[in-house]
């Protein structure tokens, strides 16, 4: 294991208007008009029952506003220019692959299995322990996420979670209901999963976020530095990278033969620039 970080380059290539017309094999990971808005039992803001898991689906753990204090070992020096990727293991990678749904208005996501296979293969080359889950209901998703978050990640570099599904306006779809991504990533925040504190938590979301077309955007990475001290606080939601296949309010494209545009680009970058 080298001490370099996994290098991931984000690049969205601008296309002209004619190229954004939907080709025969390119589909949308979006909920059609006239859709069901099922949000699960109890109907809280995350679309799940607040007692669905031991950590609680409204935040994945205790209420940090109540004055609780959390202490975690920091695996990286405070002003280091990169994460410590020199642990014994690379870490877990969870891939939730949704092709078919119980909601009648949601069409089958042809091509998603190609995404799942290609992403899984790329992550295995980077020495991740890859676990794939197919067409899970929300209760099953939370069970798998809770199990992963409850493990000891002391010897792991990071964690990856990929969700391939339909989506709209901030919501993702399990096989049976819709939910917000907060439902998932709260499980891995520093106060609920302290052995991942100070480590990269990478989320890759292949799903639509609305019904507008996107001509392309360019994203650049930024870095910030802080003062040095032996002991210091970090936000409980620090070290998260959440990469969507599109920006809020816009469609996301999926090719029924080659997989989604976003996952094709991600896999290409992991294979080309990932640190083995």
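Positions of Cβ are set from backbone N, Cα and C atoms, glycine also.
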Please find, within the list 30-62, 63-95, the residue stretch that TrEMBL describes as region 'Disordered'.
-> 30-62
Average pLDDT across the domain 'Caspase family p10' (230-276), rounded to a whole number | 76
Would you list the DSSP helix, strand and coil counts for the residues of the domain 'Caspase family p20' (89-212)?
-> 36 helix, 42 strand, 46 coil
